[in-house]
Amino acid sequence: MKAVYIIGTDTDVGKTLICAGLCWALKEKGYNIGYFKPVLSGAKRRGKMLIPQDTEFVVNFAKIKGDIYRLTPFIFEKPASPHIAASDENVDINVNQIKQTFEDLSQNYEFVIIEGCGGLAVPLKEERNQFYMQYQLIKEICNNVILVTTTKLGTINHTLLTVEFAKAYGLCLKGIIVNMYKNEPDEDKVINTITKFTNIPILAKVDFINDFPSDVDENKFKNVFKKCFDDRAIRKIMGVFEC
């Protein structure tokens, strides 16, 4: 089994959409793909049930087999940093449980895409005034990272800071996916600037989908992913799994 951890430069850069697209595109190419999101905050209620909506979307869109509550073992309603949401609900985010769940899931797939909760420096838990951070979990279960960014104002700073943080803490950041791409003149200038500073390959540029997540038109999504995750992009992405 091989895996890659999808992380973002910021909240709302579209990690879930990218994970769904990657899972779907790779399955279309015949790869046995699994999905895992260890921690999710900001879950929505449906009746009495708390739904990990990111996981539900990826599983339904990419037709991945698995119980959403197993694929996301820690779910919190409060839209906050996991260590705060967990503390408010008196829940211990058990890292060993996450590791074991990942190991169990890995037995069923050739490749697993792991979706992070926010960015690298997100605290997952606090115990005796000590923080356990997302980058620590990444290093322990899959030190193989793809960074999702955008071209919006401020993204150069966010992206470069994330890359430098990854280097400082020994993370294997293998590529960048640019999401919400609109093919506007300055966007490629932003992307070129990021590439010159980081020397990290751009794996794909994914077109902006203006009605996500309010209106899930699967055919529209699939057309975008067919274009953006073409054979060339897929070859680059599969190379990332080779850690």
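Glycine residues also receive a Cβ, built from the backbone N, Cα and C atoms like all the rest.
What Swiss-Prot records for this protein:
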BINDING   ASP12, VAL13, GLY14, LYS15, THR16, LEU17, ASP54, GLU115, GLY116, CYS117, GLY118, ASN179, MET180  ATP binding site
BINDING   THR16, ASP54, GLU115  Mg(2+) binding site
ACT_SITE  LYS37  active site
BINDING   SER41  substrate binding site
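Around the Cβ of THR16 (ATP binding site), the number of neighbouring Cβ atoms within 10 Å comes to 23. Annotated Mg(2+) site THR16, ASP54, GLU115; additional same-chain residues within 8 Å of its Cβ mean position, judged by their own Cβ, are LYS15, LEU17, CYS19, ALA20, LYS37, LEU40, THR55, PHE57, VAL58.
Under 8 Å, Cβ to Cβ, and six or more positions away along its own chain, ASP12 (ATP binding site) finds no residue. For the pair SER41 (substrate binding site) and GLY118 (ATP binding site), the Cα-Cα distance reads 10 Å. Straight-line distance linking the Cα atoms of ASP54 (ATP binding site) and GLU115 (Mg(2+) binding site), rounded to a whole number, equals 9 Å. A coil conformation is recorded for GLY118 (ATP binding site) in the three-state DSSP classification, outside any helix or strand.
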